[in-house]
Each structure stands twice: as C-alpha cells, then as structure tokens.
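See below for the structure under consideration.
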Amino acid sequence: MFEGVIPAMVTPFKEDFSVDYEGIAKNLDYLEKHVNALVPAGTTGEAATLSYEEHIDVVRYVAETSKLPVIGGAGSNSTREAIWLAKEVEKAGAEAAMLVTPYYNKPNAEGLYQHYKAVASEVSIPIIVYNVPSRTGINTTPELVRRLAEIDNIFGIKEASGNLKQISEIIRTTPDDFVLLSGDDFLTLPILCLGGKGVISVAANVAPHLMKEMYEAFVEGNIERAREMHHRLTPLFDVLFIDTNPIPVKKALQLMGLAAGKPRLPLVELSEEKTQKVKEVLKSLELIS
C-alpha cells in the first residue's frame, strides 16, 4: 500500500491565506492517476504554519476526496501533542500517520524510542518515522530504527538524511516488510537500488507522470530507462530546492496553472531571478510552454 511514488502535497492558499480546498481538489485531479498514495499536511504542506483545525481538515479533505491511501502528517516535538495529532489523523480517515522526529529539544536515542513507542501504543493505524536531520537537528540511527521496527505498527521510515551508507544499513538490518522510502527526490533511484520501496516526493507535485515513469522502469528491470529518467529529472530535483521547500514547488505549480498560492509567513515568495530558473526547467520538461 505504501510503496511507489507518493507526493508530499502542497497546501494551496487563497489570497487571504485561508486553505484553498477547491485547489486541493484540482491538484488531486492532476496527481491521482500517476501516484500510489498521498501525504497531506507534512513539511511540503506547510504543517508548521497550519492551525490544528486546518491540519486535521486538510487530512480529512484529502482522505474523503481521493481514493488513494493517505499518510497524514502528525509529528511534533511534544509527545503528548504527537499522540493527539496521530489520533486526530486516524479519525480524519488517514490510513497511516507520518511522524517527524521531535525537533529543537533534541532527545537522545532512548527518548526518541520512547516517543515513537508512546504514539504507536495510542493509535491503530500504521506509523512511518520521518528522519530529516537538516530540519530537526537530530538523526535517527540504524540502531534506533532496528528497535523501532520491532514495534508492531511502525511499518517504515521516510529517510531524508542523505546518507546512503546509513540508508543501506537500515535496509540491511530491518525485516523485509519494513518499508524505507526516500525523502530526497535525487536519491530515489540510488535508494531503490539499495532496496528502498519508493519516495515521498516534492517533485511528484510537479511531474508525477515522470516520477512514475522512473519508478516503474526500475521495478520492471529497465535500469537503463530508469537512469535516463533520473538524469532527465535531476534539474527539477535541484531547482525545487533552490530555496526553502515549499517555496520553489509552489512557484512551479503557479506557473503550471495548478493550485498553490503564496507560502505563509515566515516563508516568502520565490525571487524573480530564481523564478526564471524554475521556468527554464519546467520548459525543458515540457511542463509549460
């Protein structure tokens, strides 16, 4: 259920910065036939600046509108808050919850283990750990992941450390049914080669059909085609991180006529200079004329 190409969805906003639910529906129409599941209300969905009510409403809307499996963002640096969010995401109709490692307070490995264990004990839906040290200031090590994999409803990890040795070690030392998903578009193909099962993707918001083509080529054993697609998509992977995510991907969606709106403060719109670079890449992929 949770393999393949899974977009980390943007949350489109209206001019007054309220959530644009019609925009979400429009983006779902663009995504659904190309992707395997959906992640609303994560980092790319600007969860950090959504109210609790908005957060849950976005997850609920996606779960009710789409026929695809939904992994709802539910992380917090407070264990009590993460438990509450995970319960609410479950009630909203998500098939799984994704929990970023607690940030800022920097717990040690035992604290991280107890955090995830506590959340897992309070919900019945599967949980995916989200490791992104560049944002949280803390790394989920292979040793810790091995322990977490023993908890019944922790089914996998979104790995965005960028450390292929660590990723390889996680795959090597966890059970075969433990799912590792790339959290870095550029590393999707290398991680698939190591035994990863897919990607939670920013680029899939923009080019879901091309991400699907790369993934399916790999699964079908056409490694040469998968490699060609990786190289073709690399400029997109790069330009979508020319500024803080999701600033560039929102600009790309605007240029393509999809729903995005401006990011909420403290994030600001992409500069004109960087916007031109986004345009060039979109044109090269025939996503805009």
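The backbone N, Cα and C atoms fix where each Cβ goes, and this holds for glycine too.
Residues annotated as active site, proton donor/acceptor in Swiss-Prot, with sequence analysis given as evidence: TYR130. The Cβ of TYR130 (active site, proton donor/acceptor) has 27 neighbouring Cβ atoms from other residues within 10 Å, across all protein chains displayed.
Per Swiss-Prot, the feature active site, schiff-base intermediate with substrate maps to LYS158; the stated evidence is sequence analysis. Annotation for LYS158 (active site, schiff-base intermediate with substrate): spatial neighbours MET98, ILE128, VAL129, TYR130, ASN131, VAL132, LEU181, SER182, GLY183, ILE200, criterion Cβ-Cβ under 8 Å with sequence separation of six or more.
Marked as pyruvate binding site by Swiss-Prot on the basis of sequence analysis: THR44, ILE200.
Around THR43 (site 'Part of a proton relay during catalysis'), the same-chain residues six or more apart in sequence whose CB sits under 8 Å from its CB are ALA8, GLY73, VAL100, VAL132, ARG135, ASN245, PRO246, listed in sequence order. Swiss-Prot lists THR43 (among others) with the feature site 'Part of a proton relay during catalysis'.
Taken from Swiss-Prot, the feature site 'Part of a proton relay during catalysis' applies to TYR104 (among others), supported by sequence analysis. Sequence-distant contacts of TYR104 (site 'Part of a proton relay during catalysis'), defined as residues of its own chain at least six apart whose C-beta falls under 8 angstroms from its C-beta, comprise ASN77, THR136, GLY137.
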Near THR44 (pyruvate binding site), which residues of its chain come within a Cβ-Cβ distance under 8 Å, counting only those 6 or more away in sequence?
ALA8, MET9, VAL10, VAL202, ASN205, ASN245, PRO246, VAL249
Have a look around ILE200 (pyruvate binding site) and count the other CB atoms within 10 A of its CB, chains all included.
29
